[in-house]
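For reference, Swiss-Prot has these:
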ACT_SITE  D24  active site
ACT_SITE  N72  active site, proton acceptor
BINDING   D24, H197, E211  Mg(2+) binding site
BINDING   25-29, R37, H41, 69-71, W73, R75, R192, 198-200  substrate binding site
Amino acid sequence: MSPVKEDRANLSPRSPRHVAIIMDGNGRWAKNKGKLRVFGHKAGVKSVRRAVSFAAKHNLDALTLYAFSSENWNRPDQEVTALMELFVRALDSEVKSLHKHNVRLSIIGDISRFSGRLQERIRRSEKLTANNDGLKLNIAANYGGRWDIIQGVRHLAEQVQKGELQPTDISEESLNSYICLHEQSQVDLVIRTGGEHRISNFLLWQIAYAELYFTDVLWPDFDENVFEGALNAFAQRERRFGGTTPIDATAS
């Protein structure tokens with residue numbers, strides 16, 4: 001990360017507080033260059049660094065990145081192994097810089113399937129940055145939106161089984177309290193790179209009223225200009241949340 005400076009000169013005052021990004025296109029980017037897919041994933045790490053720096057510089061409250069879905073285990077073993085090793089190396093190389101710049105790192109998803117080595121890196125990184133109060137950086141790893149909802153439902157079912165909760169008392173609020181990111185500001189904007197127009201099982205609960213922004217730019221080519229363009233496009237949207245009157249939900 002580069003040093004964080006406050007700079008909102010080129011952005012609308014109606015910028016989102018919480019942005020989530022589906023980082024798509026690493027494989028195609030590598031293929032276009034005649035390289036193996038892992039080459040694209042390595043290049044994508046640089047885009048992560050740029051995105052985090054931009055988010056912190058422009059005072060976003062939270063940035064959530066879709067790094068590895070629960071469906072990605074179906075990819076070739078060689079690619080999965082390379083991704084896991086890249087994850088370890090990225091944590092080792094980036095966490096001190098994140099901490100220096102007051103970023104709080106959280107990994108959301110079912111990390112139990114990861115190697116003990118990777119789980120230890122995750123715990124160590126989260127612990128180091130736990131007390132930081134700057135940008136909240138969430139990395140979704142072995143994450144799926146359906147999994148997230150199911151694990152929340154299971155917590156409620158356990159409460160019902162123990163007699164601590166009546167089924168009739170189950171509400172959106174009670175389920176939300178067990179869903180990932182519930183303690184953070186709601187997701188305002190979802191950006192997907194790579195040209196596909198779908199959500200891919202990402203934050204299904206959390207993005208109910210988020211604005212969606214799709215770009216053909218492949219993730220390794222994602223830079224500050226593309227990010228700024230997405231935020232400025234967001235500023236032109238009228239968010240109604242099911243009503244008829246536009247609501248400025250980004251106001252703190």
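Quick reminder: no glycine exception, Cβ is built from N, Cα and C everywhere.
Structure coloured by features recorded in Swiss-Prot.
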residue : record                 : DSSP class
D24     : active site            : coil
W29     : substrate binding site : helix
H41     : substrate binding site : helix
S70     : substrate binding site : helix
R192    : substrate binding site : strand
H197    : Mg(2+) binding site    : coil
Among D24, E211, which are recorded positions, the residue with the most C-beta atoms within 10 angstroms of its C-beta: D24
Rounded inter-Cα distance in Å - H41 (substrate binding site), the residue listed as 'active site': 10
C-alpha spacing of the residue listed as 'active site' relative to H197 (Mg(2+) binding site), in angstrom: 11
Nearest of the recorded positions (D24, N72, E211) to R192 (substrate binding site), judged by Cα-Cα distance: D24
Binding-site residues compared (W29, W73) - the one with the fewest other Cβ atoms within 10 Å: W73
E211 (Mg(2+) binding site) versus binding-site residues G25, S70, I199 - nearest by Cα: I199
Cβ-Cβ distance under 8 Å to G27 (substrate binding site), same chain, at least six residues away: R37, G40
Intrachain C-beta neighbours of G25 (substrate binding site), sequence separation six or more, cut-off 8 angstroms: G40, T193, G194, G195, V217, L218, W219, P220, D221
Which of H41, R192, H197, all binding-site residues, has a Cβ with the fewest other Cβ atoms inside 10 Å: H197
Rounded distance in angstrom between the Cα atoms of W73 (substrate binding site) and the residue listed as 'active site': 16
Euclidean distance between Cα atoms of the residue listed as 'active site' and S70 (substrate binding site), Å: 15
Cα-to-Cα gap, W29 (substrate binding site) vs N72 (active site, proton acceptor), nearest whole Å: 18
